[in-house]
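As given in TrEMBL:
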DOMAIN    1-421  domain 'Neutral/alkaline non-lysosomal ceramidase N-terminal'
BINDING   HIS73, HIS182, GLU419  Zn(2+) binding site
ACT_SITE  SER233  active site, nucleophile
Amino acid sequence: GYANPEQVGGGLLSRLYSRAFIVADPGDSRRVVFVSADIGMVSQKLRLEVLKKLKAKYGDLYRQDNVILSGTHTHSGPGGYFQYTLFWITSKGLIRPALNAIVNGIVKSIDKAHQSVKKGRIFINRGTVDNSQINRSPFSYLENPVSERSRYAFDTDKEMVVLKMVDEQGQDLGLISWFAVHPVSMNNSNHLVNSDNVGYASYLLEQEKNKGMLPGEGSFVAAFASSNLGDVSPNTKGPFCVNTGESCNNPQSTCPMGGATMCMAMGPGGDMLESTRIIGQNIYSKARELYEEASQEVTGALGTAHQWVNMSSVTVELNSTHTVQTCKPALGHSFAAGTIDGVGAFNFTQGSVEGDPFWDEIRDMLMGEPSNETKACHRPKPILFSTGEMSWPHPWHPDIVDVQIATIGSLAIVAVPGEFT
């Protein structure tokens, strides 16, 4: 999760689960599958292999347009299930056993949901979660126009949305909760596989509802799914220099001694295990409250749509006279700096708009110089790796991605491959 080659698995702290929900229209064959899996993110390869298995089993019932796969974004899960070179570097290639375990687990959870579909009702509720997140790039956020910032009370989204599912008799079936927080309470010094704060919230609620059952057993399923968590840290004490203890809450997240590599966010607990427990408990408590009080019913038809989009050539209208076009993907120098939740390496700093001649020369020798077209398109971002122009031994970065939308009555679930802020 932290793309750190030294962070290799050393055992299990908590098991990882796939949680599947099927919403079906009793009148026809329309249905929506939503899966929240305890993994960093869903790769194209993973998605395509799951769909292939579903097709072999169910024909055209579960398809590209009506199956949504979502990763909780835990940074303490396995790697090696991607098909692009960029994601192979720290996992040392494709790890087939990891990929197979995730594919089979997701398909098994959909099978279990398929076999236990029953008539029921869905309710929606929302509320605010306090003391559980901070913006990990507050100085970047302040670069947004005042007109945009004035639309929001905070620099992070504190709203939790909960879907409550019950059968015809009102008996509990399950819950999907969306709340913006990075599952990085367990930091990059951790070597134990685990589902982090959101996984702990699932564990607490499922243990409460499935009395006397082992984790992963029992009929009640509680998913804490990822939303617009791109800039949201659970490490609420903020960033401190690990060598001196002073704050490094500055635009570059650097320390006077040791630079950016010494700046790490912590809290709210005394160590990462306690922090995971506190944030997980907070999320669980709010979800439980919203679940019990949910009274607004979700009714109406189901709808699904899917599209492949070439993100390297999308035309965007700026105004009535000007259009611009997206370009091939590229990673900037500040990408290598990481974040306050997982610092990068060497002398890279966040927010840098200047390249570094030393690293640029090494890049040019090893991987080739970015094209003038890509440089111009990404300006003022200085390009460290022009991944969209690198194809050896395989393409480095996806440029064609799939996007989806599913509607359940008045609720729309948008499935997009990215980390939104």
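Using N, Cα and C of the backbone, Cβ positions are placed for all residues, glycine too.
Feature map: annotations from TrEMBL on the structure.
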{"residue": "HIS73", "record": "Zn(2+) binding site", "CB count, 10 Å": "23"}
{"residue": "HIS182", "record": "Zn(2+) binding site", "CB count, 10 Å": "28"}
{"residue": "SER233", "record": "active site, nucleophile", "CB count, 10 Å": "23"}
{"residue": "GLU419", "record": "Zn(2+) binding site", "CB count, 10 Å": "14"}
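For the pair HIS73 (Zn(2+) binding site) and SER233 (active site, nucleophile), the Cα-Cα distance reads 12 Å. Same-chain residues with CB within 8 A of the center of the HIS73, HIS182, GLU419 CB atoms, the Zn(2+) site residues themselves not counted, are PRO183, VAL184, SER226, LEU229, GLY230, VAL232.
A distance of 13 Å separates the Cα atom of GLU419 (Zn(2+) binding site) from that of the residue listed as 'active site, nucleophile'. When pLDDT values are averaged over the domain 'Neutral/alkaline non-lysosomal ceramidase N-terminal' (1-421), the model yields 95. Recorded residues HIS182 (Zn(2+) binding site) and SER233 (active site, nucleophile) have their alpha carbons 5 Å apart, per Cα-Cα distance.
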